[in-house]
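TrEMBL lists 30, 37 with the feature site 'Transition state stabilizer'. Residues or ranges marked as site 'Positions MEP for the nucleophilic attack' in TrEMBL: 178, 231.
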Ligand code: C5P
């Protein structure tokens, strides 16, 4: 449910303009065989379109850059043209790379001047509420170079010595204090120059963009995430996503 009492970031001329980059070039093998994950349908609409609408729902976001599978940019362009999207938002499609990191970099390279705040949002998180998007933008506007939406963990986490073979028992080497841990979601928000510098200087495997900014020695802040911003990774997540959409339709009906 949205909280109308909280002011949403204005899109006025004095406010920094925000662009969203959506890496959507992954195959999503953990979801099983079929179309690239971003193009799988949720409630009859491709996951990617849900994710694009989730970013465009913020009045602060004036441009959405979709990073498409390298051989699927034309298909993604056709898809965006075929779905109703807010008129105040511009859309760009660029072909992606071999890794998520490379895909985000290609999206950043395509950004025109004039957008000083950049969101990076996984196509695989189609249902993030607009209040979460706005909270991330607000924290960047308040001066944080990088912002992540994050939730406390329900499960205790163990660090293990990974077994070479899947299914083999793995020795536990540590139990980090759960109260100090957060599960991190997207959209992650950045001061554009900081994110560009991170992508130019940090090498090696990273699983999120904020991690690259941490490697620059800068402080990343976490704001409250949302349970509906979960990542669609496994087949059960599709069932959950359909249930969230059904509940929204029901709530909208009253
Ligand atoms: O694989 P994972 O679920 O971590 O992917 C996160 C996001 O990164 C997805 O939206 C996926 O489409 C994207 N991705 C990408 N280019 C790749 C690999 C993943 O844009 N080469």
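Placed from the backbone N, Cα and C atoms, the Cβ positions cover glycine too.
Shown here: features listed in TrEMBL, placed on the structure.
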| residue | record | Cβ neighbours (10 Å) |
| --- | --- | --- |
| 30 | site 'Transition state stabilizer' | 12 |
| 37 | site 'Transition state stabilizer' | 24 |
| 178 | site 'Positions MEP for the nucleophilic attack' | 12 |
| 231 | site 'Positions MEP for the nucleophilic attack' | 14 |
For residue 30 (site 'Transition state stabilizer') and residue 231 (site 'Positions MEP for the nucleophilic attack'), determine the Cα separation and express it in whole Å. 12
Cα-to-Cα gap, residue 37 (site 'Transition state stabilizer') vs residue 178 (site 'Positions MEP for the nucleophilic attack'), nearest whole Å: 31
DSSP three-state call for residue 178 (site 'Positions MEP for the nucleophilic attack'): helix, strand or coil? helix
